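So that you can see what the record holds, here are the features copied from TrEMBL:
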- 9-36: domain 'C2H2-type' (DOMAIN)
- 37-64: domain 'C2H2-type' (DOMAIN)
- 65-87: domain 'C2H2-type' (DOMAIN)
- 92-119: domain 'C2H2-type' (DOMAIN)
- 120-147: domain 'C2H2-type' (DOMAIN)
- 148-175: domain 'C2H2-type' (DOMAIN)
- 176-203: domain 'C2H2-type' (DOMAIN)
- 203-230: domain 'C2H2-type' (DOMAIN)
- 231-256: domain 'C2H2-type' (DOMAIN)
Amino acid sequence: MLQTEEKPYRCEVCGKVFSQNSHLTVHIRIHTGEKPYHCEICGKTFSRMTRLTDHRRTHSREKLYNCEICDKSFSCKSYLSDHRRIHKEKIFCCEICEKKFSRNADLMYHKRVHTGEKPFDCEVCGKAFLCSTKLLCHKRIHTGEKPYQCEICGKAFSQNCTLTDHKHIHTGEKPYQCEICGKVFSRSTKLSDHRRLHSGRQYQCEICGRAFTCSSHLSIHIRTHTGEKPYQCEICGEAFSKNGNLSRHHLIHSRK
């Protein structure tokens with residue numbers, strides 16, 4: 001793409017041109033991965049200040065952007081733009097399995113399922129992840145940070161999606177329905193595990209071959225091979241592979 005008098009600023013990586021140098025500076029972060037804007041509540045980072053401003057509304061639950069088709073509301077304009085693609089045709093297709101996506105970013109993430117690529121590593125335990133957001137959530141296991149709190153019972157969670165599912169306990173809502181047998185669930189993960197009862201597919205350990213119907217059970221099992229103990233007692237420092245074991249351990253201190 002050629003530079004013009006109207007757009008004199010050119011990206012040396014991809015050739016895209018801009019009318020303002022500040023726009024080029026923001027664009028270059030796509031290539032460098034730089035995210036200088038940091039949320040002081042949950043630690044998530046962003047390449048643009050406007051994205052951080054929109055993100056902060058997820059903590060305040062302020063939602064200003066409404067979909068004119070289905071009336072769903074969003075805290076961020078970019079989230080609304082992504083959502084609108086649900087109502088349109090999915091144009092990005094995986095050449096391996098032919099699954100289609102409405103966003104190229106979703107396709108790029110999906111391809112890692114086939115390649116096995118996990119480019120985001122935890123510097124504490126070495127565990128690798130497909131995307132930076134999953135790494136960020138994982139780090140909270142080590143720090144104990146739980147920024148999402150239920151306003152009904154006060155219970156806190158490390159992920160907003162876990163809080164959303166937890167609220168269904170109070171409301172009795174079960175929005176996730178199995179399309180085969182009609183059974184409903186309060187959590188999407190429970191539905192995913194349930195579907196495997198119909199398909200016969202299981203989660204298999206790549207190390208020893210043992211299979212599980214529940215992904216969380218496989219995750220716990222893998223720790224028997226890796227020795228990972230992500231749940232640490234803040235009083236004495238003893239670590240455990242299961243959160244339930246840590247909870248039982250806490251009783252030892254409470255009796256003293």
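Each Cβ is built from the backbone N, Cα and C atoms, and glycine gets one as well.
Counting residues per DSSP class in helix, strand and coil order gives 12 helix, 4 strand, 12 coil for the domain 'C2H2-type' (92-119). Through the fold, the domain 'C2H2-type' (120-147) approaches residues 41-44, 59, 109, 112-113, 156-159, 228, 230-232, 234 of its own chain, all at least 6 residues removed from its boundaries and within a Cβ separation under 8 Å. For the domain 'C2H2-type' (176-203), same-chain residues at least 6 beyond its ends with a Cβ under 8 Å from one of its own Cβ atoms are 165, 168-169, 211-218.
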